[in-house]
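Student: Swiss-Prot feature annotations, pasted as is:
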- 1-25: region 'Disordered' (REGION)
- 1-20: compositional bias 'Low complexity' (COMPBIAS)
- 40-86: region 'Disordered' (REGION)
- 46-67: compositional bias 'Low complexity' (COMPBIAS)
- 121-175: region 'Disordered' (REGION)
- 136-175: compositional bias 'Low complexity' (COMPBIAS)
- 219-290: region 'Disordered' (REGION)
- 232-254: compositional bias 'Low complexity' (COMPBIAS)
- 255-290: compositional bias 'Polar residues' (COMPBIAS)
- 336-590: domain 'Protein kinase' (DOMAIN)
- 342, 343, 344, 345, 346, 347, 348, 349, 350, 365: ATP binding site (BINDING)
- 459: active site, proton acceptor (ACT_SITE)
- 490: phosphothreonine (MOD_RES)
- 591-648: domain 'AGC-kinase C-terminal' (DOMAIN)
């Protein structure tokens, strides 16, 4: 049996989402901005430009700002005129390159955005160099013709610069984008690798904890089996000195089978475990594909949580107590002494019997073959024997042997002396919230186990629940149990506990057991079922109507659980969803239940029945007595139903 700790009614699954905020190194650059050359320093957002006036103004401003030209003497001769023009022309060209470099929008883009990478300095040679003006000396008589020649290349410069600007501006931006993308990818890969390493380390730690839990649970399970005196377990070899004593069982459930076992006095501390620090120090192997999507990581984390919760409780072993049928049924029946009838049904009775050899007590279910055939219960009876002989669970009654004679079928069960839950519920009128929760939790574990075996119980009610001497539940009467892969259409069960899909003959499956659990919890807390009437068809109508009236003082969490279990739509019913019984176990009404401890029966139940001795039957109601074994028929008698129960 495995435990799983999700939260579905809580419905919560933890997931890890990787958030990698992108660092935008272009945050200072406007998305769509047109830069043009203006008369000031740097680009402006204006659309038009006057080249002639700006050029003349720049030349005039440069000349006026020059310290050498502030007090320059007037031209007195042609030679002085040429010398002055040559000096002014060189000065203008030098200032032109400097001003145009500073006015370039590309200069401001790089200067403003590349500062984040450190102390970046724009090289002095980085400029949009215009074509050099014509420096040929001309006669003094043509000064007015030279001035238009100087203005003409200056008019062509903005056009050439505007053509070169987009190409040169795009190249550094593309390089920066590529560098940033590479850095972001590297950061993402590093983060993903770190998360994968952490997940693998957590998985290793969880596996170590699970292994330790499984070892402890196996030891405790073996100790429990030793105490019950059921299996023959050899003494285990240990590092410390142990003493082994062989004893004969006196357990009332198994001593009639004449089994012996060896008790080994070992403790959990004697078992050697590998140190956790050594296991955690082992190198971890990274995944071959470390880059995964957040959706994939969420799915993996959900699957891991489900597996961890399901692996907390080990699966129960196969029923190793079941014995093959005896060679001679009549001789086998002579070994038992009939005490009294403790239960009755439509086609049979249940007897308390005692083994005459060792004095142990059992419950014998006797069924008349003719009645079984007349009521068309052959398939159900064969299914009950087949299922109980192949399963074992702490909260399901154990079947030890099945055999038949010429007229009857016999099922040998363990005797549960605490009586039926139905009897105790009628005496106390109703159970407390804690008592009902304890019984319901053990039933949830039993149903979870059965459903994993594809077994539908279909007859959950207080009459089929027994209480043992430690106060724990034992589910009995598997007459309606059936292995179902998908759906079945047989109409069977108790009217007050039938699910709507059974009444409507739509086909039913495992979801009907969760509906019956909701009815049972309501009845344990209220003292009566939610859908009750003297007329069977009136009960069916109330079930289909789905109106539930809760009494005053009903627990709020229990009310919410019952409403979720008693959902008419089986596709939305709690327990029948994707996570199955895990949704029921994660409901807040069961928040204080330790499922692993409950499965291992570490604590006694809330109610310990009064049992004077092993064969005490005072907790069962009185029934009319009837002989368990009939007289053998004549030697010429031929069993007409032998072919129907050949595998019994």
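Positions of Cβ are set from backbone N, Cα and C atoms, glycine also.
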Student: Which of the three DSSP states, helix, strand or coil, fits residue 348 (ATP binding site)?
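Tutor: In three-state terms, residue 348 (ATP binding site) counts as strand.
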Student: What's the CA-CA gap between residue 350 (ATP binding site) and residue 459 (active site, proton acceptor) in angstrom, rounded?
Tutor: 17
Student: Fill in the CA-CA distance, residue 348 (ATP binding site) to residue 459 (active site, proton acceptor), as an integer in Å.
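Tutor: For residue 348 (ATP binding site) versus residue 459 (active site, proton acceptor), the Cα atoms are 17 Å apart.
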Student: Excluding near sequence neighbours, so keeping only residues 6 or more apart in the same chain, what lies with its CB under 8 A of the residue listed as 'phosphothreonine'?
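Tutor: Non-local contacts for the residue listed as 'phosphothreonine': 482.
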Student: Counting by DSSP, what is the helix, strand and coil composition of the domain 'AGC-kinase C-terminal' (591-648)?
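Tutor: Split by secondary structure, the domain 'AGC-kinase C-terminal' (591-648) comes out as 9 helix, 0 strand, 49 coil.
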Student: Inside 10 Å of the Cβ of residue 459 (active site, proton acceptor), count up the other Cβ atoms and send me the figure.
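Tutor: Within a 10 Å radius of the Cβ of residue 459 (active site, proton acceptor) lie 21 other Cβ atoms.
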Student: Sort out the sequence-distant neighbours of residue 344 (ATP binding site) for me: same chain, 6+ apart, CB within less than 8 Å of its CB, listed by position.
Tutor: 350, 623, 624
Student: Taking the Cβ of residue 350 (ATP binding site) as the centre, how many other Cβ atoms fall within a 10 Å radius?
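Tutor: The answer is 22.
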Student: With ATP as the bound species and 342, 343, 344, 345, 346, 347, 348, 349, 350, 365 as its recorded binding residues, calculate the greatest Cα-Cα distance and give it in Å as a whole number.
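Tutor: That value is 15 Å for the farthest Cα pair.
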Student: List, in sequence order, the same-chain residues at least six positions removed whose CB sits under 8 Å from that of residue 346 (ATP binding site)?
Tutor: 371, 375
Student: Are there any residues at least 6 positions away along the chain from residue 342 (ATP binding site) with a Cβ closer than 8 Å to its Cβ? List them or say none.
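Tutor: Within the chain, residue 342 (ATP binding site) has Cβ neighbours under 8 Å at 350, 351, 352, 363, 617, 620, 623.
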